[in-house]
Amino acid sequence: MTLTEIRPGAVGGGPVAGRGPWQLAWRRIRTDKVAMVSGAVVVLLCALALAAPLIAAWTGHGPDEQFRDTGITAQGLPVPPNGEFWFGTDRLGRDLFVRVLYGARVSLLVGVVATGMAALVGVVVGLLAGYYGGAVDTLLSRLMDVVLSFPYLIFAIAVVSIAGPSLTATIGVIAFYSWAAIARVVRGQTLALKEREYVEAARSMGAGDLRIMFVDILPNLLAPVIVLTTLLVPAAIVFESTLSYLGLGIVPPTPSWGNLLSEAQGFYRVAYWYLGFPAATLLITTLAFNLLGDGIRDAIDPRMERLFSRRRRTRKGA
Amino acid sequence: MLLEVSNVVKHYPITAGALFKHVVGQVRAVDGVSFDLAAGETLGLVGETGCGKSTLARCLAGLHPVTSGSVRFDGTDITNLPRRRMRPYRRDIQVIFQDPYGSLNPRRRVGSIIADPLVIHRVMSGEQLRRTVQELMERVGLNPEHYNRFPAEFSGGQRQRIGVARALALRPRLIICDEPVSALDVSIQAQILNLLKDLQVEYGLTYLFIAHDLSVVRHISDRIAVMYLGKIVELGAADPVYDRPRHPYTNALLSATAVADPDEAQRRRRVVLTGDVPSPIDPPSGCRFHPRCPRAQDICSTEEPLLEGTEGTEGTAACHFPMEVVV
């Protein structure tokens, strides 16, 4: 018997494309306007950050280039937004628009890389703690408690005073803080998932611990991890800004949103744009990531599905 | 004998205290169970919820370590083998689980779920693997083109077919069916039972078939074991056990099954048991059934009856005062 033949007793109809949980989540999130707009904002920000050198070349303003003739008023103050400088200039006559874009490169890089590292460590530690339990769990859980109870600013100051402020140190400090939150969630989920019957089925077939952890359990906790990671990115960006604002993160002249804000604080009475644009960009980015994270959570959470279908049904009936 | 189970005991310790854990009691989930299973045979294991059927199944499948006793598979002692040495036997002993929803990973495609045992034991890969999986799906009555779907896209009966295909993949010799149909509609139950029967003939499978529904077990079993509170109270060939139960508990269980024929139903007498199943933490002394037994006498509370045959009857029953051969 060939495989294309379907026996009369065979259950089901013709070939139908398998619609996985991810595809279902995608279909749900597509109907969520807030999440889609936030997603578009995030994509746009990333595109602008990536294209920053191109935009700088196009405007003819380098990120560290000073325009003493056009960029500074006779009184030596920053120039307000105009046709040449869209966001105005800063105290040294540099193009604020270009500097905000370059700042986005740093902020997004730090946010994504630090959160990515944190997610990797958090998932592995959480899986190990939850799956093995016992002494392993006790040890790793206490480690998470210790990390979460560190006073983060003091720790950051200590690290910076030893290693010196740099991009690597900033990413390291933020990743060190974020992994424990992910590990806790993963541990809790793993505790619940490892009791599921399909895990027992895998064990009855002779699957090893690693296979059970990464093939059977991990796909089931990707959803909360993705949501949490999306929500941790804006936290990391704010964290980076805080560190840079205090002079502990990214050092000028490399622009980052944090050190732009720090430079601008003496000028907010005379130059609203100097503080306003970097702050607004930071706010929009954080908001977009948070709303996107909420949208993803709603799309992945199966309880929301019933809500959606009910809504659809009433709409049809009306 | 393919499977020899002798005096298997599984106790779960009850611990108290957060920091200094100490054992305050034992749940006697399985308390000394022995039986043999010949190749090609089906043994039905019945009993109420909580009598230790599933625990026994998990012990035999090597999922839970047994507290004492021994399990021999094809002459080899496989009791509490370390994982690596258990691996070859896992190929021969497969499990079909009760819950067709819980036992299939919702985030994995059906093809990869069925391929799991073949991949884990490195039997085959690539195109050959896909072909084998599709043949298996076809054999259990699933559309092989659906191998890319997720479990959520199948009905309960179809999911249980997936579970059957997975258990069948390695061509095992023994399949432990842990209530494989109790979560399904009655009409679907029959389909799955017939499928299991066909597969048994085709591949020479041996089944340990666990259920709490006696009519389901009768349909498929050669022999029946009745469990009560962690012990087997009656063991014998299917028809004699059904037609002439010896143990009062078996009798009560049987009288509770529904009969299609209303005349027959009129003639039957329901034996209604009083009270609840006692706690397996502190089981009754002597015969564990004595507090609820309509035939109990003084000796029942002091002396534990052995699982033994009576002259002139087939099968064995653990009772001091077994039922006369009339119902």
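Here the Cβ of each residue, glycine as well, is placed from N, Cα and C on the backbone.
Remember, TrEMBL labels are computer predictions, not curated facts.
Here TrEMBL flags A:34-58, A:106-131, A:143-163, A:169-186, A:221-251, A:271-293 as transmembrane segment.
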TODO: Any chance you could find the range in A:34-58, A:106-131, A:143-163, A:221-251, A:271-293 with the most Cβ pairs under 8 Å to the transmembrane segment (A:169-186)?
DONE: A:106-131
- [ ] Return yes if the transmembrane segment (A:271-293) and the transmembrane segment (A:34-58) have at least 3 CB pairs under 8 Å (sequence gap of 6 or more), otherwise no.
- [x] yes
Open item on the list: How about long-range neighbours of the transmembrane segment (A:143-163): same chain, 6 or more residues beyond its ends, C-beta under 8 Å?
Closed with: 125, 129, 169, 172-173, 176-177, 179-181, 183-184, 187, 239, 243, 246, 248
